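*Asks:* Before I ask anything, let me first share the structure, which is written out below as structure tokens.
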Amino acid sequence: MNKKISVDSLVKAAMLTALSIIFSRFFGIFITPSIKFSFGHLPLMLAGIILGPLSGALAGLAADLIGVAINAGGTPHFGFTLVSVLTGLIPGLITVYGKRKNISLKVQIGLMVFFVFYICHMFLNTLWLSQLFNNPYKVMLATRFIKVLIDGIINYILLYFIVTKLVPKIK
């Protein structure tokens, strides 16, 4: 199948990628070296939801690589790039599956938050951070648990609001 990417989709992907870079690299707040609050993952999740899993994954890849080139904010690690790709890919896959199976939007967003935050961000990012800082994984997991839990709840609320109120106007 020879499906062309529209200019509209490219512009949306580029804007969401740029927002991710700005939110994570310039407006992220470090509480400790291993705990950072930012909303850089929200535009990547939206890229997956609006544009599909492949575009979401590519937006995640571009956001991480460009973000590291502009402002590393620490040691580059390809594990974080993987998580960034998954942050765009997973919501796209859940959206496609949810539409096919008629799964409610609240459940879809709940699944997105669960997989992106409670699997990727909590377990994978903690693994990469424990490698970078040479700290025991379980100790870092304990220190990051509350942060990721709060992050997931806040992002569920934000994502639900954005998807119900703003995405219909964007599409």
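Note that Cβ sites are derived from N, Cα and C of the backbone, with glycine treated the same way.
Annotations for this protein, taken from TrEMBL, read as follows:
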- 13-32: transmembrane segment (TRANSMEM)
- 44-72: transmembrane segment (TRANSMEM)
- 78-97: transmembrane segment (TRANSMEM)
- 109-129: transmembrane segment (TRANSMEM)
- 141-163: transmembrane segment (TRANSMEM)
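Could you place the listed features in the three-dimensional structure?
*Replies:* Long-range contacts of the transmembrane segment (78-97) within the same chain, counting only residues at least 6 positions beyond its ends with a Cβ under 8 Å from a Cβ of the stretch, are 41, 44-49, 51-61, 63-65, 103, 108, 111-112, 115-116, 120-121, 124-125, 127-128, 131.
Among residues of the same chain six or more beyond the transmembrane segment (141-163), those with a C-beta under 8 A of the stretch's C-beta atoms are 31-32, 34-35, 37, 39, 41-42, 45-46, 49, 105-106, 109-110, 112-114, 117-118, 121-123, 125-126, 129.
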